[in-house]
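Chemist: Below are the structure tokens for one structure; questions will follow.
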Amino acid sequence: MDTSSKENAHLFHKNSAQPAGGPSFKAGYPSTEEARPCCGKLKVFLGALSFVYFAKALTEGYLKSTITQIERRFDIPSSLVGIIDGSFEIGNLLVITFVSYFGAKLHRPKIIGAGCLVMGFGTMLIAVPQFFMEKYSYEKYERYSPSSNLTPNISPCYLESSSPSPRSIVGKSQNKINDECEVDTSSSMWVYVFLGNLLRGLGETPIQPLGIAYLDDFASEDNAAFYIGCVQTVAIIGPIFGFLLGSLCAKLYVDIGFVNLDHITITPKDPQWVGAWWLGYLIAGFLSLLAAVPFWCLPKTLPRSQSREDSGSSSEKSKFITDDPVNYQMAPREESMKIMEMARDFLPSLKSLFRNPVYILYLCASTVQFNSLFGMVTYKPKYIEQQYGQSSSKANFVIGLINIPAVALGIFSGGIVMKKFRLGICEATKLYLGSSVFGYLLFLSLFALGCENSSVAGLTVSYQGTKPVSYHERALFSDCNSRCKCSDSKWEPMCGDNGITYASACLAGCQSSSRSGKNIIFSNCTCVGFAAPKSGNWSGMMGRCQKDNGCSQMFLYFLVISVITSYTLSLGGIPGYILLLRCIQPQLKSFALGIYTLAVRVLAGIPAPVYFGVLIDTSCLKWGFKKCGSRGSCRLYDSHAFRHIYLGLTTLLGTVSVFLSTAVLLVLKKKYVSKRSSFITAREKIVMSSSVKKETCAARDHGLQPKYWPGKETRL
């Protein structure tokens with residue numbers, strides 16, 4: 001070929017790959033030759049989507065790790081904390097349907113980038129109350145503070161002979177309450193946390209439906225499951241860092257940098273300790289803002305893989321976007337016509353989804369299972385703290401370092417299994433169902449791995465320390481502290497030398513106190529001697545008694561079973577997601593994912609933390625009270641009731657989801673069997689028709705003379 005012909009060929013190739021005016025001779029997406037330089041953009045999108053998944057998952061994990069910190073800082077019950085946690089789902093609910101449906105027809109990467117900006121600002125808004133609230137004030141005797149120049153022999157017990165009359169005490173207390181109520185302006189600052197989490201939910205909305213559908217559209221069928229598995233795995237790595245960040249911040253005092261830490265008398269092991277919960281939200285918000293940058297540089301569409309083009313599977317965008325890529329820049333009139341066309345097709349598309357029995361059953365199964373998982377994950381740190389006596393920092397640390405990696409490994413393993421064995425939709429459903437069955441069977445064993453209640457005088461054991469106390473026998477007053485003028489609303493736990501915790505040193509009947517560093521020692525405690533009369537040491541120390549060594553052993557067993565259960569349940573994550581993508585029409589993919597996300601948010605994400613929190617609150621033994629006398633957060637839980645509510649509700653919901661998943665498999669098998677039988681019947685008819693035609697043609701050709709068909713004697 002000469003030079004001029006080469007130039008003409010090059011010019012023809014250039015013009016055909018990048019048409020200037022007329023329609024391309026290749027319909028649909030850019031040609032393969034043009035696609036090769038741009039194929040790396042799919043990997044860029046994969047990396048950007050993975051990072052934003054990491055950022056949003058880190059924030060979500062950090063939020064779960066600060067549940068107890070927020071509860072104590074704002075002095076609110078678990079049910080209200082559940083509402084704050086569910087505000088994220090409420091934000092999703094407001095826009096998920098429109099974003100998933102209309103967003104699929106617009107510039108998906110830029111919509112995701114805008115969502116990241118909103119999510120980042122919302123995350124930072126959560127931390128704002130810390131800078132406007134008063135300094136954290138935990139329940140304590142002011143004269144026991146190191147800054148109050150404590151002198152020895154001050155009696156926590158106001159003896160009846162030397163104390164003012166009960167009427168004067170009540171009057172002074174009421175006046176103090178009224179004064180504090182006037183200056184307590186931070187009682188409702190939790191609303192900003194609610195609004196920030198709501199805004200975070202709004203920004204997160206387009207990431208999952210648009211991002212996953214974008215990947216599935218432009219990746220090959222073999223790589224789609226693997227790419228989604230990579231994204232989901234990175235999303236699970238996010239909570240690891242979220243919980244570890246929560247563990248680090250929980251060790252720092254809430255007002256660090258604003259107060260003298262030498263004056264703080266409590267430690268991270270104290271039930272009243274509040275860590276620097278606000279610090280992690282500033283870090284997570286910055287990461288979300290940073291994650292928005294790459295999406296503004298990515299194109300609206302990418303070249304499709306050759307396998308997808310050969311298979312003829314239609315993109316979700318092919319229904320409303322023209323085949324010529326040059327025509328993506330539409331005039332305003334054409335753009336408005338497109339939007340009207342999409343709006344008219346909304347209800348038919350919705351009806352098509354709800355007429356799909358596999359989609360509806362899987363939607364119900366996933367919703368019930370996510371109720372189980374949302375409730376379990378939200379209150380898992382609190383469960384570890386209350387059941388096994390661990391600090392908030394340690395609870396977050398073990399979840400982030402042990403549990404979350406098991407979930408990540410399970411999700412990644414599910415993607416590898418799907419890719420390695422090329423599982424079909426029925427096999428994927430079986431793997432999804434099997435992982436759920438074995439996971440919840442393992443979860444049942446956690447019922448046997450509980451600890452006994454802490455020995456708290458008047459609440460879990462009698463003041464004699466010899467027998468448990470029933471619900472009707474609970475009373476913080478006894479003969480041993482009858483001469484003291486104590487408040488039963490205070491929670492200033494003191495650990496006696498007899499191993500029993502008392503609600504306060506006053507209720508323990510202590511008549512003197514002294515300080516050793518930050519520790520406060522109480523002496524001559526009549527109730528301590530009442531439970532151990534033979535012991536000559538009737539003293540105690542500020543703080544709650546630690547649980548016995550047997551509970552530490554149970555905690556190790558709990559971690560082992562919890563890790564195995566987490567891996568088993570997460571193994572079915574990717575197969576279940578592939579089932580969701582393959583049981584619907586390709587052009588409805590983003591819309592179906594949006595409806596799926598909407599249902600999970602509305603029916604699981606919002607209510608699950610709330611009703612889990614309400615039921616957990618019923619196991620509270622000792623409530624705290626705010627300055628104005630209203631009920632605050634729970635100070636002490638009944639370990640047995642907490643365990644049965646937390647584990648029982650999770651198992652019940654998981655069992656229901658297993659039955660619904662079984663129905664999905666049965667309907668799917670029936671649907672495929674009927675389709676296969678109809679396909680075989682149609683194929684047999686075609687084969688029989690072809691054989692008849694061949695015989696007829698052979699008979700006709702046999703009667704023709706060869707001269708009319710020169711060279712065709714052997715035809716047919």
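Even glycines carry a Cβ here, placed using N, Cα and C.
Relevant sequence annotations retrieved from Swiss-Prot are reproduced here:
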DISULFID  CYS480-CYS510  disulfide bond
DISULFID  CYS486-CYS506  disulfide bond
DISULFID  CYS495-CYS527  disulfide bond
DOMAIN    474-529  domain 'Kazal-like'
CARBOHYD  ASN453  N-linked glycosylation site
CARBOHYD  ASN524  N-linked glycosylation site
CARBOHYD  ASN537  N-linked glycosylation site
TOPO_DOM  1-43  topological domain 'Cytoplasmic'
TOPO_DOM  64-82  topological domain 'Extracellular'
TOPO_DOM  104-109  topological domain 'Cytoplasmic'
TOPO_DOM  135-187  topological domain 'Extracellular'
TOPO_DOM  217-235  topological domain 'Cytoplasmic'
TOPO_DOM  257-274  topological domain 'Extracellular'
TOPO_DOM  300-352  topological domain 'Cytoplasmic'
TOPO_DOM  375-394  topological domain 'Extracellular'
TOPO_DOM  419-422  topological domain 'Cytoplasmic'
TOPO_DOM  447-558  topological domain 'Extracellular'
TOPO_DOM  582-590  topological domain 'Cytoplasmic'
TOPO_DOM  669-716  topological domain 'Cytoplasmic'
TRANSMEM  44-63  transmembrane segment
TRANSMEM  83-103  transmembrane segment
TRANSMEM  110-134  transmembrane segment
TRANSMEM  188-216  transmembrane segment
TRANSMEM  236-256  transmembrane segment
TRANSMEM  275-299  transmembrane segment
TRANSMEM  353-374  transmembrane segment
TRANSMEM  395-418  transmembrane segment
TRANSMEM  423-446  transmembrane segment
TRANSMEM  559-581  transmembrane segment
TRANSMEM  591-616  transmembrane segment
TRANSMEM  651-668  transmembrane segment
Chemist: Validating a neighbour-count step here. Other CB atoms within 10 A of the CB of CYS495 (disulfide bond): how many?
Modeler: 21
Chemist: Could you work out which of the disulfide-bonded residues (CYS506, CYS527) has its C-beta surrounded by the smallest number of other C-beta atoms within 10 A?
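Modeler: Sparsest of the disulfide-bonded residues CYS506, CYS527 by Cβ contacts within 10 Å: CYS506.
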Chemist: Can you name the far-off residues of the same chain, 6+ from the ends of the transmembrane segment (559-581), with a Cβ under 8 Å from a Cβ of it?
Modeler: 212, 216, 225, 228-229, 232, 236, 358-359, 362, 366, 373, 398, 402-404, 406-411, 413-415, 417-418, 423, 425, 428-429, 431-436, 438-440, 442-443, 445-446, 449, 589, 592-593, 596, 664
Chemist: By CA distance, which of the recorded positions (ASN453, CYS480, CYS486, CYS506) lies nearest to CYS527 (disulfide bond)?
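Modeler: Closest by Cα: CYS480.
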Chemist: The transmembrane segment (423-446): which same-chain residues, six or more beyond its ends, come within Cβ distance under 8 Å?
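Modeler: Result: 369, 410, 414, 417, 558, 561-562, 564-565, 568-572, 575-576, 578-579, 582-583, 647, 650-651, 654-655, 657-658, 661-662, 664-665, 668-669, 672.
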Chemist: In which DSSP state, out of helix, strand and coil, do we find CYS495 (disulfide bond)?
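Modeler: Looking at the DSSP assignment, CYS495 (disulfide bond) belongs to a strand.
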Chemist: Could you check which of the recorded positions ASN453, CYS480, CYS486, CYS495, CYS510 is the closest Cα neighbour of ASN524 (N-linked glycosylation site)?
Modeler: CYS510
Chemist: Using C-alpha atoms only, work out the spacing between ASN453 (N-linked glycosylation site) and CYS510 (disulfide bond) and round it to an integer in Å.
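Modeler: CYS510 (disulfide bond) has its Cα 24 Å from the Cα of ASN453 (N-linked glycosylation site).
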Chemist: Return only the integer: C-alpha distance in Å from CYS510 (disulfide bond) to CYS486 (disulfide bond).
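Modeler: If we compare the Cα positions of CYS510 (disulfide bond) and CYS486 (disulfide bond), the gap is 11 Å.
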Chemist: From the Cα of CYS486 (disulfide bond) across to the Cα of CYS480 (disulfide bond), what is the distance in angstrom?
Modeler: 12
Chemist: Taking DSSP three-state, what's CYS480 (disulfide bond) in: helix, strand or coil?
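Modeler: The three-state answer is helix.
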Chemist: Among 110-134, 188-216, 275-299, 395-418, which stretch has the highest count of C-beta pairs below 8 Å with the transmembrane segment (83-103)?
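Modeler: Most Cβ pairs under 8 Å with the transmembrane segment (83-103) come from 188-216.
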Chemist: Where among 44-63, 110-134, 188-216, 395-418, 591-616 do we find the most Cβ pairs under 8 Å to the transmembrane segment (275-299)?
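Modeler: Looking only at 44-63, 110-134, 188-216, 395-418, 591-616, the most contacts with the transmembrane segment (275-299) come from 110-134.
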